[in-house]
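Q: Annotations per Swiss-Prot:
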- 6-227: domain 'ABC transporter' (DOMAIN)
- GLY38, PRO39, ASN40, GLY41, ALA42, GLY43, LYS44, SER45: ATP binding site (BINDING)
Amino acid sequence: MAAPLIQLNNIHLRFSAEPVLEGINLTIHQSEIVTIIGPNGAGKSSLVKVITGLIAPTTGSITHCAQGKQPLRIGYMPQTLHLDPSMPIKVSRFLSLAGPKAPSRSARKAALEQVGIANLSSAQMHNLSGGEFQRVLLARAILQRPNLLVLDEPLQGVDVNGQIELYRLIAELRQQLQCAIVMVSHDLHLVMAQTDSVVCLNRHMCCHGQPESVSKHPEYLKLFGKQASDDLAVYTHNHDHHHDMHGDVVGCSDECDHHHD
């Protein structure tokens, strides 16, 4: 197995008296793709913010594993980004504002080329389609050539065909950058086929495992075809408990398979 990049040890997070994350233990390795899934309010975005250091856990520890003499470099793509429509800004200018030190023109150009939108450098951010906007955010995340790329619901506002294209692009970025990828998905069952590990989250880690190939599911193949099945996969949950309407754990006397509403 590849060397670890980051380790989360018994992470708990509370906002006021409200538990958000409970007992999270997770190790992310070099060049690994980890997809985090779970219902709304499960703590997915909070977990990626803990991973990126945007918020500190209430208790527990995070270990960054140095890569030779280089510190861990994290690229982050947020779930949402709202721009003031009264303030026009071009794509290239938007990218120049990334990080404490403005990236060079050549770095911005290279990032846009890597995500396939070099032609949009002079476009206004407000005129972009949903898929184009997501690619700009992705370009921003890779400007510093991270060895850990964290993507919080990167497929928002993108149709199914656009999702497949983005999944292919993400796989290419892993190969080009040799980086690990942590990706949040709002879909409980459909994940990127190249995913090495799936974490099902509902405040705590409900289950953790490998996705099953979507090619085994004839109904999906009928809808989207074999080509789509190469880029998407289905994850089957295997829980020994369920959650009540408040998100609290309720145990099962026997092993139970279920879904979150």
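A Cβ is built for glycine as well, from the same backbone N, Cα and C atoms used for every other residue.
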Q: Let me know the DSSP-derived helix, strand or coil state of GLY38 (ATP binding site), please.
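A: The three-state answer is coil.
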Q: For the ATP site given as GLY38, PRO39, ASN40, GLY41, ALA42, GLY43, LYS44, SER45, which other residues of the same chain have their Cβ within 8 Å of the site's Cβ centre?
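A: Once GLY38, PRO39, ASN40, GLY41, ALA42, GLY43, LYS44, SER45 are set aside, the remaining close residues are LEU201, ASN202.
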Q: Mean pLDDT, the domain 'ABC transporter' (6-227)?
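A: Here the predicted model's pLDDT, averaged over the domain 'ABC transporter' (6-227), is 87.
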Q: What count of other C-beta atoms do you get within 10 angstroms of the C-beta of PRO39 (ATP binding site), across all chains shown?
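A: Summing over all protein chains shown, PRO39 (ATP binding site) has 17 other Cβ atoms within 10 Å.
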Q: What's the number of neighbouring CB atoms sitting within 10 A of the CB on ASN40 (ATP binding site)?
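A: Here the count is 7.
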Q: Which three-state DSSP class does GLY43 (ATP binding site) fall into?
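A: Once the DSSP labels are grouped into three classes, GLY43 (ATP binding site) ends up as coil.
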Q: Among the binding-site residues listed here (GLY38, GLY41, GLY43), identify the one with the smallest other-Cβ count within 10 Å.
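A: Sparsest of the binding-site residues GLY38, GLY41, GLY43 by Cβ contacts within 10 Å: GLY41.
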